Amino acid sequence: MEYEQICPAIAPVFGYFGVMAATVLSNMGAAYGTAKAGVGIMKAGVIVPELIWKNLIPIIMAGVNGIYGLITAIIILNNIAQPNQDGFRVYSLYTSFGHLAAGLSCGLCGLASGMCIGVSGDAGIRSFTQCDYMSKTEPKGQGFGRKKKKAGAENVFVGSVLIQVFGGNLALYGMITAIILTQTSYDCEDN
């Protein structure tokens, strides 16, 4: 194959698109998850203010998605090769498409993860707060009793955290896939 076909001048653009996709999409997921869960926290804070600190878990988990995108972007950036001393381009289309795929993999998984964490976090926070509030305001002798209701609130909290953990794993899987994709490369000097 011809050198211009294997290592065109435009090849780094695809690598940089991968950097952008990893960073932007992962941080969009982090922002959405933070905003969605933040609405639930503020609503819950009006009802039971002492639960605000306990309900911050989805905010932290959503923020990790942005970190995954940043890590992937740094890995891709470090692998985008500059022309050598003779001015020959060494960064191939093969490598650049791998880097684009890595960025999209991490970014889209981070976006999906952030949406999952935000929606499940918001619903979990509201449910946990409602159960906790009901256990504190229910008159004694009615319903299932105080102990049963409090245990119900804790079970909702544990279930909510587990859902968010599995939702957060989606971003981790995307980052692992991205790291594997960045290991595939072809340098034009090898030819």
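Every residue gets a Cβ built from N, Cα and C, even glycine.
What TrEMBL lists as transmembrane segment is 13-35 (among others). Long-range contacts of the transmembrane segment (13-35) within the same chain, counting only residues at least 6 positions beyond its ends with a Cβ under 8 Å from a Cβ of the stretch, are 58-59, 61-66, 68-70, 72-73, 76-77, 79-80, 91, 93, 95-97, 99-104, 106-108, 110-118, 121, 171, 178.
Sequence annotations record features per position, and here TrEMBL assigns domain 'V-ATPase proteolipid subunit C-like' to 17-76 (among others).
Tertiary proximity for the transmembrane segment (56-77) is limited to same-chain residues at least six positions away from its ends with a CB under 8 Å from its CB atoms, namely 15, 18-20, 22-27, 29-34, 37-38, 40-41, 99, 102-103, 106-107, 110-111, 113-114, 117-118, 120-122, 124-125, 161, 164-165, 167-168, 171-172, 174-175, 178-179, 182. Residues or ranges marked as transmembrane segment in TrEMBL: 56-77 (among others).
Sequence annotations record features per position, and here TrEMBL assigns transmembrane segment to 97-119 (among others).
Under the heading domain 'V-ATPase proteolipid subunit C-like', TrEMBL lists 100-181 (among others). In the domain 'V-ATPase proteolipid subunit C-like' (100-181), the DSSP tally of helix, strand and coil residues is 74 helix, 0 strand, 8 coil.
The transmembrane segment annotation in TrEMBL covers 156-181 (among others).
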Under 8 Å Cβ-Cβ from the transmembrane segment (97-119), and at least six residues away from its ends along the same chain, one finds 14-15, 17-37, 58, 61-62, 65-66, 68-69, 72-73, 75-76, 79-80, 164, 167-171, 173-175, 177-179, 181-182, 184-185
